[in-house]
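Engineer: Here's a structure for you.
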Number of protein chains: 2
Amino acid sequence: MSRRVRLVHLDEDSDEDNNIRRSASGPPGSHPTDFNIPLTDDSSDPADPAFRTARPPKKEPSQYESLDYDVCENVLWRRDQTKIEPKFTVRKDFARWVISFQIGVCTALVACCINIAIEEVSRVKYGFLKQQVDRNVIHGDLSIPYLYWALTNLVPVVIGSTLVAYVEPVAAGSGIPQVKCYLNGVKVPRIVRIKTLAVKAVGVATSVIGGLAGGKEGPMIHSGAVIAAGISQGKSTTFRRDLKVLQYFRDDHEKRDFVVGGAAAGVAAAFGAPIGGTLFSLEEAASFWNQALIWRTFFASIISSFTLNIILSAYHGLSSFRYRGLFNLGEFEPLPFDYFELPIFMLMGVVGGCSGALWNAVNRRLNMFRAHAIRPRWAKVLEAAFVAVIGATFACLMAYTINDCRPLGNDPTEHPVQLFCQDNEYNAAAALWFQTPEATVKALFHDPPGSHQLLTLIVFVAIYYPLSCVTYGLSVSLGIFIPTLLIGAAWGRLTGTLIIMGFPASSAFVSPGKYALIGAAAQLGGVVRMTLSLSVIILETTGNIGFILPIILTLMAAKWSGDYFNEGIYDSQIRMSRVPMLPWHVEPEFQQLSARSIMAQPVVCVRVEEKVQYLLDILKNTTHNGFPVVEDGDDVSVRDSGDDDDDDDDVHKTLGYYRSVIGSRVNGRVIGLILRSQLVVILKRSFYQESSRFWESTVNIEAFRDEYPRYPAVGDLHVSEDKLSGDFTVNMSIFMNPSPHSVEEGTSVPRLFQLFRALGLRHLIVVSVENRVRGIITRKDFLKHL
Amino acid sequence: MSRRVRLVHLDEDSDEDNNIRRSASGPPGSHPTDFNIPLTDDSSDPADPAFRTARPPKKEPSQYESLDYDVCENVLWRRDQTKIEPKFTVRKDFARWVISFQIGVCTALVACCINIAIEEVSRVKYGFLKQQVDRNVIHGDLSIPYLYWALTNLVPVVIGSTLVAYVEPVAAGSGIPQVKCYLNGVKVPRIVRIKTLAVKAVGVATSVIGGLAGGKEGPMIHSGAVIAAGISQGKSTTFRRDLKVLQYFRDDHEKRDFVVGGAAAGVAAAFGAPIGGTLFSLEEAASFWNQALIWRTFFASIISSFTLNIILSAYHGLSSFRYRGLFNLGEFEPLPFDYFELPIFMLMGVVGGCSGALWNAVNRRLNMFRAHAIRPRWAKVLEAAFVAVIGATFACLMAYTINDCRPLGNDPTEHPVQLFCQDNEYNAAAALWFQTPEATVKALFHDPPGSHQLLTLIVFVAIYYPLSCVTYGLSVSLGIFIPTLLIGAAWGRLTGTLIIMGFPASSAFVSPGKYALIGAAAQLGGVVRMTLSLSVIILETTGNIGFILPIILTLMAAKWSGDYFNEGIYDSQIRMSRVPMLPWHVEPEFQQLSARSIMAQPVVCVRVEEKVQYLLDILKNTTHNGFPVVEDGDDVSVRDSGDDDDDDDDVHKTLGYYRSVIGSRVNGRVIGLILRSQLVVILKRSFYQESSRFWESTVNIEAFRDEYPRYPAVGDLHVSEDKLSGDFTVNMSIFMNPSPHSVEEGTSVPRLFQLFRALGLRHLIVVSVENRVRGIITRKDFLKHL
């Protein structure tokens, strides 16, 4: 172990430019299992980054790797391609459509289950609480209902939080940042496992039932992604089952393409926004716009929205088909607007942008503090429980103190509580809390003008704003859309009401509902800062195309003003967790550099015919994931590296070893690239030879697909001693990617970046004019903060 | 002249694999000036493709070149980049937004002008015709109104057609295929000139006024593209003005990015569909998804839609702001649908797909015939005039023979004619013709059930279907959206009416208007086969999000069934005109090939220090647009090529020359790429030297920008004899692109294609493992039909 550590250290010492090849060593201090708590963790010793790459996570892996989106077109792959009949190509294509269909259906099913569970339990919960309030308010004593409320919040939240903290921490939060990273090409560990889905689903249901300030929409996108990954692979690690189907989809490229569809289906299910979902996925996946992929993604979205609509409509008695998504804003009557309102809307956008930026900043600080202060799992559960009780407390206080009485009849809630109001009246302040947040958003949009006192709205925003800010980042699964919309809708409605009060003549066209919608869009735009896709999602959710101009202007104003202060919440989360997600543009500091100045070197290369001993050696002693294959040059003697757990402490000897072994190969001309995962499989399956090529007929691409995606660890490889000491070699020529992308060392970084981003690369070899290896560039080399 | 010809021929003879480097020689027989008439033309002698590349079009250039979307990051460019202050970067970025704003406003202005002109003149025209009909129908004599009708059709059409045929043939048709090609990276000659815009605008107005079966929507997209190109460049060739502003946007990359915005603004203006427009542009531009570009494109679209709304609303009296686009389907009341209707809609989609495929096939045949048979310009004008009269004839016949009388009152047209109906009645058959096609589409969507006899609709489809098919391809500017929608709406309404007749119980939910909408979507999907963007455009035009599922299912069914027979009309047009537009996927025949088998070779290379004589020589004797720059290798003697117009007929001598000159340089290692356009400017500005580098301080990137986009022709270069005979050389190192994209010769074609498409390349150098030039690949090498 110590030598590996030293290797990394040595590199750092020996290179003035700090351009050390650290592609696989990962960001020290990152802790990928909990997206929100990245800064420190006991297990993330910065001096211990090695040997985690291709090992199944016995303990938590501490780094993010790139997906191999670039197809490795090696001899095996080509053989597989030529072997297949045209019929098979058709079948494969057909299978893609069938899988897309299944993704749509399953995503909708999961969404329906979560939705129905939340709805039913919430109905019982709030019915019971109303009963308690009605019974106890007579004595003026609200402590009993308060205790019940706190308890009914506490129990589900503790269940959900325990699940997340102990079973699958990656299921915390909305999952959108993780999905964004995955689509960007980063392998976030365990993000698309079935176990994660299970925890997520239960976690979301319990959080919403527990009355936390969160929604179920964001997690649906994550759920869709997991479902897509699961269905497309035909096997599950969680259940240790391999259905032996769809083996041809077992690579990162195909899998990510399905996940694109899954995420879109998730958005479609959550918001009834198939077009918005497709745009979201495409925007995040960000590679080459592939028409067939777009169609399949769109198809999955449509099917998802459609299935959800049928199931929920059937569940609600088939009276009408209007459940396009889990969340819809209800039917707006046509929303006319006058052009002189547009500046008001844009001003509201600016307010939303600033308010969103503040929210993001506070949330970021809070989560940084949390990462330091709240580290044991039980503390996380305790924290969530505490926030749940706080929520109930504030809700009770607000209902208790504000006497906003409205006549019964046009009730905005299923459980109007009377509290201290007259008979035939209900308390409008309590009504905001006596239902799920989704229902409250709808109420704010659609309640007739004058349904709430100004004070009610002000206090509500004042409570909900910090509450939601504290909630996002807890060890629970929930999304951020609904609380954000809720805050925005409340202050938007407030604005509308104020305008009517200030200019009574304006009541002809100013409706509080319209301003609630604009406020919601502004706040959401200020927090998430998504672009085109968010406009389309809101548009589809509103169902009112005539209102597109106000919404878009509001969103643009919100984005621009928010961007002045900081970045969107998802991007900020991603940056905090140190995931190497590639941005849209190369960072300004890198604008004037060339490949030479960001590449990592020296590069560990392998020759076409390479000794087994050497391969085992570099796998064990480096953490790199890709090795350029070079032409046979001079024959250099490989130093005998001895045993694996040889605790040789001589730093200089190790450095000498490193240099001598690597350096001799660097002079060869690049003719290919081989991945760590491939080498591991080659060694495991003994695809090496002394002189005869006895195994060549038996090796095929299936051997590699069978191991995907969790390749064995180097330590688990058992290569017999005689194979090591003998002259057994591996012939790379049929395994390596024969046409890796390479660039000349003078190429500018923006140019490299474009290549990297557009093709979804993992490794980019930097070569000299003579095509000799000079360095290698990976995703992390573009990010200054890593 | 003869030698150049021979060079190409020799290549063909000497290469067995038919892998001749023909990158600049263009498809023989193509004639880009008229998109619809590609097959033969006197000027397109297949043996005369040379020397047209970089010459300003004295006569019509006969080939399509690629745009240089790849930024040439040479020393000059880098110098320019480092020189600029951060302030300048901000200013440049700000300028981009300002230009996007201007693009939106100007596109809307042009759209409004066209629209108002058409509206006003049409009102006068149909008012006059109605008067004539009313006056003459008393005698039962319709010949006078018929003659008037024919005349009022004839005159505008002849004007428009003459303009198109004699002034700017590239303005014919809808312009969408040309814009698609441009966005795809093909330089379609004169496509983005102001003259083209003028002809297009007048042409569209006259065509629609002349009653041709076409719309003004497609041409708006082209107009937007021209406006974008014009505004962003700050100079105009048509007006020979150079405003000396925005010089930093003078390259293909920046220009295309603005054209993306312009095309989107065009769609936004035409259909009031800013999201659809953005999607359309992105889908066609198809490169890397660039967030900043998306926002600007979206911004231009919004501004365009917004401006148009304000102007048209103001023009119509400020009563309401509902002119989101030139074309809108009017306000639909909420469109409920039942799930059992979906199969019907999909069936209608299939019908639309088949009917669209038939339309495409017939139109294609017709235009192929036209290309052979109707070649003189006067014949084209005559043909257009003939079709205009035919239209009037059929309309008259239909109005005369079908006695579809409806009570006045709820008039679907501004000029209801009575004809042979009772007083207080109007003729519904005539009403379909007595207005612009847009108004007829709206009438079919919104007229109450029972507004038309079945026979009226059947006859209308029977007339309009072939009429529109004949019309598209005439030498006039008009689009295809409206006639297609019209046909679809008519048969859709027919279907709805038939269903109600067959199942009277269904009249509760089956409305003919709804079926007209589905029919229109089906027919449009069947003809154009656009994907996501069309769905969004229709959705935005309808303004009814609840109806998204039926529309999408219909479009999918239409696309799939249509694709079974042939390709969409735009793609079919592009294929016919032999434009080297890259498809979405590499053609199946190329799937198994490698770079080696599609690359062109031998490659003409230049050395870093190259003699002026040699450069002039290769510019004159080849048609290539890019020359790999190779390291100085052996010094080979350049054969003295003598005079330019030396009519040496010895074929073998020429071949020998070619081989000896080229062959010696091919052995060098690739270190850059220089474009023909750059060499021309270098020679023109005398950026060459004997020993001192006296010019180095004076040369900057402005020299190249000044000449963009119409570089001087080689023949116009005047290099003095002493410079030629002396040892004057050009030092490429500061001009060449120092990091051209290159691939190893074994790389598979699908991989190359992805690289090419994702990065928008023009040249891809194929190299050996030692980085020596082996061949070169351009856009045309991926297309088997070229």
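Each Cβ is built from the backbone N, Cα and C atoms, and glycine gets one as well.
What TrEMBL records for this protein is below:
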- B:1-65: region 'Disordered' (REGION)
- B:97-118: transmembrane segment (TRANSMEM)
- B:146-167: transmembrane segment (TRANSMEM)
- B:258-282: transmembrane segment (TRANSMEM)
- B:294-318: transmembrane segment (TRANSMEM)
- B:339-361: transmembrane segment (TRANSMEM)
- B:381-402: transmembrane segment (TRANSMEM)
- B:454-474: transmembrane segment (TRANSMEM)
- B:480-503: transmembrane segment (TRANSMEM)
- B:515-539: transmembrane segment (TRANSMEM)
- B:545-566: transmembrane segment (TRANSMEM)
- B:631-650: region 'Disordered' (REGION)
Engineer: Go through B:97-118, B:294-318, B:381-402, B:515-539 and flag the stretch with the largest number of C-beta pairs under 8 Å relative to the transmembrane segment (B:454-474).
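Structural biologist: By the under-8 Å Cβ criterion, the transmembrane segment (B:454-474) pairs most with B:381-402.
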Engineer: Thinking of Cβ pairs under 8 Å, which stretch from B:146-167, B:339-361, B:480-503 has the most of them with the transmembrane segment (B:515-539)?
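Structural biologist: Answer, by Cβ pair count: B:480-503.
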Engineer: Under an 8 Å Cβ to Cβ limit, what residues of the same chain, 6 or more beyond the ends of the transmembrane segment (B:294-318), are close to it?
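Structural biologist: Beyond its ends, the transmembrane segment (B:294-318) has Cβ neighbours at 96-97, 100-101, 103-105, 107-109, 111-112, 115-116, 224, 228, 257, 260-262, 264-269, 272-275, 277-278, 281-282, 324-326.
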Engineer: If I count Cβ-Cβ pairs under 8 A between the transmembrane segment (B:545-566) and each of B:97-118, B:339-361, B:381-402, B:480-503, which range comes out on top?
Structural biologist: B:339-361
Engineer: Give the one range among B:97-118, B:258-282, B:339-361, B:381-402 whose Cβ atoms make the most pairs under 8 Å with those of the transmembrane segment (B:480-503).
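Structural biologist: Between the stretches B:97-118, B:258-282, B:339-361, B:381-402, B:339-361 has the largest tally.
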Engineer: Can you say which of B:97-118, B:258-282, B:339-361, B:381-402 has the most Cβ pairs under 8 Å with the transmembrane segment (B:146-167)?
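Structural biologist: Comparing B:97-118, B:258-282, B:339-361, B:381-402 against the transmembrane segment (B:146-167), the winner is B:381-402.
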Engineer: Are there residues at least six beyond either end of the transmembrane segment (B:339-361) with Cβ under 8 Å to its Cβ atoms? List them, or say none.
Structural biologist: 465, 468-469, 484, 487-488, 491-492, 495, 499, 509-510, 515, 518-519, 521-529, 549-550, 553-569, 572
